[in-house]
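Notes to accompany the following structure.
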Amino acid sequence: MRGIALFVAAVSLIVEGTAESSICSDFGNEFCRNAECEVVPGAEDDFVCKCPRDNMYFNAAEKQCEYKDTCKTRECSYGRCVESNPSKASCVCEASDDLTLQCKIKNDYATDCRNRGGTAKLRTDGFIGATCDCGEWGAMNMTTRNCVPTTCLRPDLTCKDLCEKNLLQRDSRCCQGWNTANCSAAPPADSYCSPGSPKGPDGQCINACKTKEAGFVCKHGCRSTGKAYECTCPSGSTVAEDGITCKSISHTVSCTAEQKQTCRPTEDCRVHKGTVLCECPWNQHLVGDTCISDCVDKKCHEEFMDCGVYMNRQSCYCPWKSRKPGPNVNINECLLNEYYYTVSFTPNISFDSDHCKWYEDRVLEAIRTSIGKEVFKVEILNCTQDIKARLIAEKPLSKHVLRKLQACEHPIGEWCMMYPKLLIKKNSATEIEEENLCDSLLKDQEAAYKGQNKCVKVDNLFWFQCADGYTTTYEMTRGRLRRSVCKAGVSCNENEQSECADKGQIFVYENGKANCQCPPDTKPGEIGCIERTTCNPKEIQECQDKKLECVYKNHKAECECPDDHECYREPAKDSCSEEDNGKCQSSGQRCVIENGKAVCKEKSEATTAATTTTKAKDKDPDPGKSSAAAVSATGLLLLLAATSVTAASL
């Protein structure tokens, strides 16, 4: 029995040891490199990387242990950071008359400033050092090097103002006879001097501008006015209503009620240099007789781009390009190849919603240090209480790092230090979750399809599938984005779509019959669909009819002149032939002439297209390039899907 008990105990230890080390053996040991992987007690799926010394932390981005107290982790509110050795940093200031090496104001300087009527403070103008501050109601006399009161030099104030602010005792040269016990009881007007005209040596009230004392208040000079004086301002600005501060000169004024009548109801009216201007707000444009913020051009969303109205013009922009790390952005296509995640936690400080971006670099450094350099950008979505951050990674994050922020590796009381500089509350971090972009960044694109497409996350793709009542004609793919181009008709259900997808094909409903077909510019292979590399017989015949040679390049068939041959060039058309009309009508479209060629357009667009100028052509993207890129990406995904099916069957 004793032997059996020992055997059972041994097996239990082996099983327990295997369970505890599984996360480390499967992933953690390689992740931690020169640090030691340890399973978090009570959480067998979580691990931490322990460095050989307590004064070190593991930097997952650099794959190495680093010292905790360095200039990388220390913030200097004043002075500069200096590392006395690899494991010790401190904030220091250069030796000076006013500061110590530890950036403290010297006692001698503080005493001297106090004797001159001021308070010694650290400079906040970008320079390192101390300054003798005379306060809001004083100024430094650079001749005597003493603080002088400015309350009686302020023409923008009254004696009642000084009384209510309890400032009467600061300067006896004005407001004689006023009593702070009753600021509403003013003495006779001719018995005291008003602020701006203090009492002089002869007992008379003197304009401070004439005695040059106004220089303590006015930075750019002064001039005498009916209100004692007012400050002058530099070119491009004018004195404000208080007579002291300066404000920029505006050449634009508001419109009168009569002038507003010349504008449309939705336009803003302003007068610039005497001319009445009627304009839409900067984020709207004029469509018909109304200013609207919505885009009316569909080409943006057809290429997976967002459309926005800026400075009264609508334009396409790619929401992914501004988020990418380097110059490897294809300027001709809007691709989504990155992976988006979200995480929330409680920091030791809070910001208002206008300053969330201030925290992004700090959070990015902490995230990369914790889980690795795959994350290249952080966007703070909310920071008013808890921080909600969007993490953008070059590739999918390992499932083993998604709970990494929840393991408090470096506790400090009720807080956890996420090196190098992020302090968060214990147990406040959520698990890192992949973001479903259909519910966030792709909402605008989904809305732009006007109910024809619905955004669905399918495996690795965000797919704008045809909605009920629409059927797929073909598909476009840009990285992780896919869109089914739809037309009114019977749509396939999820089972039919899944059945076709398993074959690497798309569902097509034509002539009352449903079937699976290879996407355009792919062809059936031994398994699934493969990317085309040659012209098909129909394309070859069309080129031969033109005495040209069919060449398949850039994912499309083109008719080219053979080498050393002089070829016939098809003349420009000025009207659609019966064959052209029939071809377009078969797909529910209408034939129009663009740049001498017959093209098929949706009937709703045909009227506009028929009158389109050459300038409109320049604004459209090259359809060859976009479709070629789409087929290339689609072909690659389908080939991978087919390969996966084969592997699974084997």
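Each residue's number is its place along the chain shown, starting with 1.
Each residue, glycine too, has its Cβ placed from N, Cα and C.
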If you consult Swiss-Prot, the disulfide counterpart of CYS280 among CYS269, CYS291 turns out to be CYS291
Provide the three-state secondary structure of CYS32 (disulfide bond) computed with DSSP. helix
Cβ distance under 8 Å to CYS246 (disulfide bond), same chain, sequence separation 6 or more: which residues? HIS220, CYS231, CYS233, PRO234, SER237, THR238, VAL239, ALA240
The rounded CA-CA distance in Å from CYS91 (disulfide bond) to CYS71 (disulfide bond) is 9
For the domain 'EGF-like 1' (20-66), residues assigned helix / strand / coil by DSSP: 13 helix, 20 strand, 14 coil
For ASN382 (N-linked glycosylation site), which DSSP three-state class applies? strand
Counting only residues 6+ away in sequence within the same chain, which have a CB under 8 Å from the CB of ASN382 (N-linked glycosylation site)? SER353, CYS356, LYS388
